[in-house]
Structure formats: C-alpha cells, structure tokens
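J.: I grabbed these lines from TrEMBL:
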type: BINDING; residues: Asp85, Val88, Gly90, Asp92, Ser94, Glu106; note: Ca(2+) 1 binding site
type: BINDING; residues: Thr212, Asp266, Thr269, Asp274; note: Ca(2+) 2 binding site
type: DISULFID; residues: Cys53-Cys133; note: disulfide bond
type: DISULFID; residues: Cys86-Cys91; note: disulfide bond
type: DISULFID; residues: Cys139-Cys342; note: disulfide bond
type: DISULFID; residues: Cys218-Cys252; note: disulfide bond
type: DOMAIN; residues: 43-346; note: domain 'Plant heme peroxidase family profile'
Amino acid sequence: MDRKIFSYLAILAFLLFNNFVSSFPSGYNNGYNNGHGYGLVSNLDYRFYDRSCPRLQMIVKSGVWRAFKDDSRIAASLLRLHFHDCFVNGCDGSILLNDSEDFKGEQNARPNRNSVRGFEVIEDIKSDIESSCPLTVSCADIVALAAREAVVLTGGPFWPVPLGRRDSLTASEQAANTNLPSPFEPLENITAKFVTLGLNLKDVVVLSGAHTIGFAQCFVFKHRLFNFKGSGQPDPNLAASSALLSKLKDTCPNVDSSNSMLAALDAATSVKFDNAYYVNLMNNIGLLDSDQTLMTDPTAAALVKSYSENPYLFSRDFAVSMVKMGKIGVMTGNDGVIRAKCGFPG
C-alpha cells in the first residue's frame with residue numbers, strides 16, 4: 001500500500017476510534033457482568049503508560065517484528081492469542097498462565113491444545129519491558145498490543161489500543177472449553193457466545209475476518225473433504241472448486257496421520273491481512289464450517305458482501321470490533337496484579 005495512503009488511513013482510524021470510545025462514559029459497563037468484571041468495560045486509557053513506560057509500544061512493536069521475521073505464521077497466532085484470552089474470563093492474560101497446583105490453566109483446553117501459539121513471544125517482550133519498566137505493564141496489555149502489531153505487520157489496519165488492564169491470578173481450563181467458540185458450532189451458538197460478552201452478530205462477522213491470515217489443522221475441516229454430514233462425499237461448496245478441493249485433499253489425505261497438518265485459511269493471501277476472506281465466502285470456498293456458515297444468515301451474508309466489495313470498510317470495522325473485544329472483562333485499578341513473568345501468577 002502507498003505510504004501516503006497508509007498514513008492517511010491511520011490518522012482517519014485514530015479519529016474514528018477516539019469518537020467510538022468517547023461515546024461511552026467512563027467506567028461504562030454494558031450490563032453483561034458475571035461478578036468478575038465480565039462484559040465490556042471502558043475505564044481504560046490510551047495514554048496509561050505514557051509516563052510510567054514511555055517506550056512500551058516501541059518495545060512491543062520490535063518484539064513482534066523480530067518474531068515475524070523468523071516465522072510469518074506468528075502474526076495470526078498472536079491475534080488468536082488475544083481473542084482466546086478475552087473470551088475466557090476477560091482480557092486478563094489468563095491464557096498465558098501455566099498449570100499450577102492450584103488450577104488447570106487454559107493452554108491445554110480442547111480449543112487451545114497443540115494449537116494456540118506465541119507464548120514465548122509475549123514472554124520475550126515482557127522480559128524486555130521489565131528491563132525498562134519493572135512491574136509496570138500487564139501481560140494482558142502486552143497481548144492486546146502484540147495483536148495490533150501483528151495485524152499492522154501483515155498489512156492490516158492500525159488502531160489505538162486503550163490500556164490499563166491488570167493480570168489475573170488464575171486460569172480455567174473448564175471456562176476455556178465452555179466459552180470459546182468452536183469451528184464445529186452452528187452460527188446461532190457462536191453468536192450467543194459473543195452476545196454473552198456484549199458483542200453482537202456484526203462483531204462475529206468482522207472478527208471472523210481475522211481468518212484472512214493464518215492456518216488451520218486438517219482435523220478441523222477434513223470432514224468437508226471426504227464425508228460431509230455423513231454423505232461420504234465432499235461438501236458441495238468445496239466440490240464446486242475442483243482445484244481447491246484437490247489441493248486440500250493433497251494437504252490433508254483421509255488418514256489420521258494428517259490431522260495436524262496445516263492448510264491456509266485464505267489460500268490466496270495467507271500472510272496478507274486483506275478482505276480476500278470475504279471474497280472466498282462469496283465464492284462458497286470458506287475453509288471452516290464456521291466461516292462458510294456466515295452466508296446462511298441474511299444479516300451476516302449482507303455484511304460479508306459489503307466487506308468483500310470494500311476493503312476499507314472491513315479495515316475500519318475490524319479495528320472498532322477489536323477495541324470492543326479488548327474491553328471484555330478487564331480488571332483495572334487495584335484489581336488483579338502485574339505479573340513479573342507472564343506464565344506465573346506471582
């Protein structure tokens with residue numbers, strides 16, 4: 001993208017998102033609250049660390065860039081890490097906690113096991129920050145900033161990240177198994193999980209657009225290649241694209257040993273954050289059930305069509321939804337802690 005256009009879009013995004021955030025009063029909670037601050041809370045501050053850790057955002061940006069140079073997949077992984085953190089008891093860094101004698105953490109929950117990545121990147125960034133600003137910046141804020149940098153690095157939109165989250169002292173494998181949307185669930189179930197957190201169907205469609213980058217393990221979608229809904233045949237949508245179906249079958253042969261193999265969620269531009277994901281859905285070649293099912297709902301399908309035709313609209317709405325998601329269940333003030341190491345509660 002032309003540098004001048006990118007700069008213009010970044011400035012426009014900043015103005016739009018400041019207006020978006022300022023529409024809520026300080027300390028706003030949307031009514032979705034489970035007693036732990038769960039729900040959308042906006043008593044965060046864009047300039048929270050300006051004095052206490054002025055180099056924070058540059059440190060995070062540098063850390064994500066170092067990781068990305070060695071592994072382009074890490075961008076999608078860091079974005080997913082933020083999503084999986086926020087959907088389980090709020091954006092509190094709980095997904096980073098290792099199992100302990102007191103709790104079974106989220107890393108080995110079914111949606112995360114052998115799947116969620118990027119813990120070492122966050123820990124490396126945390127170590128760099130501790131050298132400059134000891135016990136000042138939460139791991140939850142680092143995850144939120146790293147997700148933004150990952151999107152920007154792959155050509156996606158910039159958005160200001162409100163800060164001031166605190167870290168949890170515990171994590172829950174059970175909550176992760178229950179709260180995280182599954183690629184096998186119907187759209188109604190997925191939407192219900194979003195609504196419980198103060199999000200809505202539009203956020204489902206917009207945040208699903210994160211699948212414009214990254215990969216999925218074969219076991220997640222292999223049934224669509226060989227035995228769709230018990231038919232013994234491929235999903236007719238994928239079968240209509242013989243070249244794609246053939247490529248996916250080569251990547252994911254119908255044997256158990258292929259379950260952990262990887263296929264790009266967006267085969268056209270797997271490391272570029274763009275609107276090709278929605279173009280794929282319009283062509284009925286979304287990789288996951290949970291992707292293509294967006295076309296079965298008239299409201300969701302209309303949004304998909306809009307985003308497939310207007311990449312700038314998608315970039316704007318994605319940034320707005322990321323800000324919303326980043327406010328789910330946050331702890332601030334004296335609640336929670338600032339961890340010295342992200343994998344340990346102390």
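In case you wondered, yes, glycine gets a Cβ from its N, Cα and C as well.
TrEMBL: automatically predicted annotations, no manual curation.
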J.: Taking the Cβ of Cys252 (disulfide bond) as the reference point, list residues of the same chain whose Cβ is under 8 angstroms away and which are at least six residues distant in sequence.
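T.: Listed in sequence order: Cys218, Phe221, Lys222, Leu225, Ser258, Met261, Ala263.
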J.: Distance between Cys53 (disulfide bond) and Cys139 (disulfide bond) at the Cα atoms, whole Å?
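T.: The separation of the Cα atoms works out to 14 Å.
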J.: Using C-alpha positions only, work out which of the binding-site residues Gly90, Glu106, Asp266, Thr269, Asp274 is nearest to Cys133 (disulfide bond).
T.: Gly90
J.: Distance check, please: Cα of Asp274 (Ca(2+) 2 binding site) against Cα of Ser94 (Ca(2+) 1 binding site), rounded to an integer number of angstrom.
T.: 30
J.: Just checking: which of Cys139, Thr212, Asp266, Thr269, Cys342 have a Cα that is within 10 Å of the Cα of Asp92 (Ca(2+) 1 binding site), counting only these recorded positions?
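T.: Within 10 Å Cα-Cα: Cys139.
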J.: Can you tell me the CA-to-CA distance separating Asp85 (Ca(2+) 1 binding site) and Cys91 (disulfide bond), as a whole number of Å?
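T.: Per the Cα atoms, Asp85 (Ca(2+) 1 binding site) and Cys91 (disulfide bond) stand 6 Å apart.
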J.: Could you work out which of the binding-site residues (Ser94, Thr212, Thr269) has its C-beta surrounded by the smallest number of other C-beta atoms within 10 A?
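T.: Result for the binding-site residues Ser94, Thr212, Thr269: minimum number of other Cβ atoms within 10 Å at Thr269.
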J.: If you measure C-alpha to C-alpha, which of Gly90, Ser94, Glu106 (binding-site residues) come within 10 angstroms of Cys342 (disulfide bond)?
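T.: Within 10 Å Cα-Cα: Ser94.
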J.: Of all the binding-site residues given, Asp266, Asp274, which residue's CB has the most CB neighbours within 10 A?
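T.: Its Cβ has the most other Cβ atoms within 10 Å: Asp266.
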J.: Please name which of the recorded positions listed here, Cys139, Thr212, Asp266, Thr269, is nearest in space to Gly90 (Ca(2+) 1 binding site), Cα against Cα.
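T.: Nearest candidate: Cys139.
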J.: Take the Cβ of Asp92 (Ca(2+) 1 binding site) and count every other Cβ within 10 Å, whichever protein chain it belongs to.
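T.: The Cβ of Asp92 (Ca(2+) 1 binding site) has 32 Cβ neighbours within 10 Å.
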J.: For Glu106 (Ca(2+) 1 binding site), list the number of other Cβ atoms lying within 10 Å of its Cβ atom.
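T.: Result for Glu106 (Ca(2+) 1 binding site): 29 neighbouring Cβ atoms inside 10 Å.
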J.: I need the CA-to-CA distance for Glu106 (Ca(2+) 1 binding site) versus Cys139 (disulfide bond), whole Å please.
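T.: Cα-Cα, rounded: 15 Å.
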J.: Using only C-alpha positions, which one of Ser94, Thr212, Asp266, Thr269 is spatially nearest Cys86 (disulfide bond)? These are the binding-site residues in the record.
T.: Ser94
J.: Can you count the other CB atoms that lie within 10 A of the CB of Val88 (Ca(2+) 1 binding site)?
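T.: Within a 10 Å radius of the Cβ of Val88 (Ca(2+) 1 binding site) lie 28 other Cβ atoms.
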